[in-house]
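**Student:** Got a structure for you, written out below as structure tokens; questions coming shortly.
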Amino acid sequence: MALLLRFVLLCGVADFARSLTIINPEQMIEKAKGETAYLPCKFTVSDEDQGPLDIEWLLSPADNQKPDQVIILYSGDKIYVDYYQDLKGRVHFTSNDITSGDASINVTNLQLSDIGIYQCKVKKAPGVANKKVQLTVLVKPSGIRCFIDGSEEIGNDFKLKCEPKEGSLPLRYEWQKLSDSQKMPDSWLPEMTSPVISVKNATSEYSGTYSCTVRNRVGSDQCLLRLDVVPPSNRAGTIAGAIIGTLLALVLIGCIVFCCHKKRREEKYEKEVHHDIREDVPPPKSRTSTARSYIGSNHSSLGSMSPSNMEGYSKTLYNQVPSEDFERAPQSPTLPPAKKHVILNLSS
């Protein structure tokens, strides 16, 4: 019986060794967001496995709210993709000849939604095998910001803070002093691996350049901080200066408003006075009528003058009358007879 049992077990092991097998062990893979994940699935087949080769990759999402999703398929010497919308265009077989025994895939540009358990199923009748790979996508620390919370004055208490914009937990922090003696104050040592360092009763020896490095399992990032501990400022003088400056600004604004208001009132008054004058004052006499009256008054005196003085008087009369007014004035209908009368007296 013992020999028979041993023979049966050996035959069973031999049959198992000849069946289709996936040689990769089940494993866990961690990758950073944006990177490419290689999910292995290498297999061997036996001589008895004569059926068509079918390969199927499935995803069980981490939230367990969706059923298993087929993400890529090989069947009938053809590859079928774009089954799962969230992975469209981002999953590919790594081998150009899948029948050689390599059904591994790459998932590119990893996102947090890609987290889950991926299962590789290989079938070549009568052989069937499957293996699972757990994929975890982590976010590298990035966007680290170092800053001081409080007033950097001697004797004051304030805090040095280091905050990443994003990064998957757990995060590890490490503070270092980069300048001067590069020695951290002893009171800070318990907080050297925390995101916040509480500074008590600050002294000028604390001044210097500090770095904060944030790490997780997939990456790290760093920021720098310059600390300058200075003597206390004259707060009373600062407050008084601020008050005086505010008052001066108010006075200046008041003066500007007053001047603008006064100017507007003056302009308004000038417009009103100008309007009243134009309505009350009669229109001025025309230049033509002035020239006529001037010529008429001089004509009346021509008769009393002697012929010897006539020539000189005519020149004087001509020079006294503005040429422009005289040329522009229309000729009076009574002027020609008067001028003719003067000429007759000269001839007599």
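Note: Cβ is positioned from N, Cα and C throughout, glycine not excepted.
The following feature annotations were taken from TrEMBL:
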{"type": "SIGNAL", "residues": "1-19", "note": "signal peptide"}
{"type": "DOMAIN", "residues": "33-136", "note": "domain 'Ig-like'"}
{"type": "DOMAIN", "residues": "141-216", "note": "domain 'Ig-like'"}
{"type": "TRANSMEM", "residues": "239-260", "note": "transmembrane segment"}
{"type": "REGION", "residues": "269-340", "note": "region 'Disordered'"}
{"type": "COMPBIAS", "residues": "269-282", "note": "compositional bias 'Basic and acidic residues'"}
{"type": "COMPBIAS", "residues": "286-322", "note": "compositional bias 'Polar residues'"}
**Student:** Please list the DSSP helix, strand and coil residue counts for the domain 'Ig-like' (33-136).
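**Tutor:** Within the domain 'Ig-like' (33-136) the tally stands at 9 helix, 51 strand, 44 coil.
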**Student:** Could you count the residues of the domain 'Ig-like' (141-216) that DSSP puts in helix, in strand and in coil?
**Tutor:** 9 helix, 33 strand, 34 coil
